[in-house]
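Copied over from TrEMBL:
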SIGNAL    1-27  signal peptide
REGION    110-133  region 'Disordered'
COMPBIAS  110-123  compositional bias 'Polar residues'
DOMAIN    178-245  domain 'Protein CPL1-like'
Amino acid sequence: MFPTNARLSSLALILCVTLLLVLRCTADSLNRPSDCDPGEWWDQSRNRCSNCPAGTFTGVSDATSCCTCCAGYYQDGSGKSSCKKCPGNKPYSTPGATSISQCRSGSGAVSSCSQTDKNTCPSTGGGITSPRAEKRRIVHAANGAGAAPPRSGATSCPFGWRSCPIWGMRGRGGEPVFECIDVRRDLESCGGCVYNDSPFGERTAGGGRDCSAIPNVDIVRCDKGECMIGKCLHGFYLTEEGDRCLPYIEDWEPPILYAVGK
C-alpha cells in the first residue's frame, strides 16, 4: 500500500526540519573560537570573532578574550596581535595605553609584553607614583590619529571588560558615547565605570574608583578591580583598611601594616 499524500507531506516536512537542524549545527561547529586569528577574540554573544579594541591584543589564535597592553607599551589600532613599545626617551605608559602620546618619562615599564598561551595574558605591571598620576584626557578629534573613535550606544566588549560611558562626552545626536574598559586593571576606572570625576578617589555609582585621585598616595595600582595602595607620601600613613593615606598625628605612631591596601 502506497503512502497517502498527507503522509508524504509529513515525511517531507520532517526531512526538511532535520536537514535544517543539521545545517545549523554544522554552521555552529564551524563558527567557534578556533576560527579566530591573532588580534581577534571569540565574541560569545555574537557567535563570531571580533577585533580586539585599541589598547589590547591577542598574540595567539583561538583567544576568548583580549590581553591588555603592558606598562611601557601601547596599541593605537584594533585587531592587532601585539603592542608597540614606547620610545626610549619616554619609556613608560599605564597599562592599556591607546596612543604614543600616553608614553612619558618614568619607571615601571615591563621588559616584554607578549602572549604565548590563549588562556594566559602577560603581567601588565603599571604601579605608578601619584605625582605622575595624570588624569586620562579623553580627546577624540574628528581625524585624530592614534585614538580609537568612540562609539554611540553600548559597546560589545571582551570578557572581563565593561562598556562605560565617557563622562562629559556626547555623540552627534546627544546620546552617550561608550568605550571598552578593563575595569580589573584600569587605574582610573578600577572595579567599574566612573560616571563622574570620582573626587578623592571615592567609589562612584557605577562601581568604579579613580585610584589616581586618592589623596596623599605615592604608589598605587588597580588589581582585580581594587585600588592597591603600595605606599603613602612622606608624612602620611596607610589606614588599617588600606584604602587611603592619612596624615601623621604628632607624638603618635601609626600601626605597622604589612598588607597592601584594597
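Just so it is clear, glycine is given a Cβ too, placed from its N, Cα and C backbone atoms.
Because TrEMBL annotations are produced automatically, they should be read as predictions rather than curated entries.
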Per-residue pLDDT averaged over the domain 'Protein CPL1-like' (178-245), given as an integer: 85
The domain 'Protein CPL1-like' (178-245), counted residue by residue under DSSP: helix, strand, coil: 6 helix, 26 strand, 36 coil
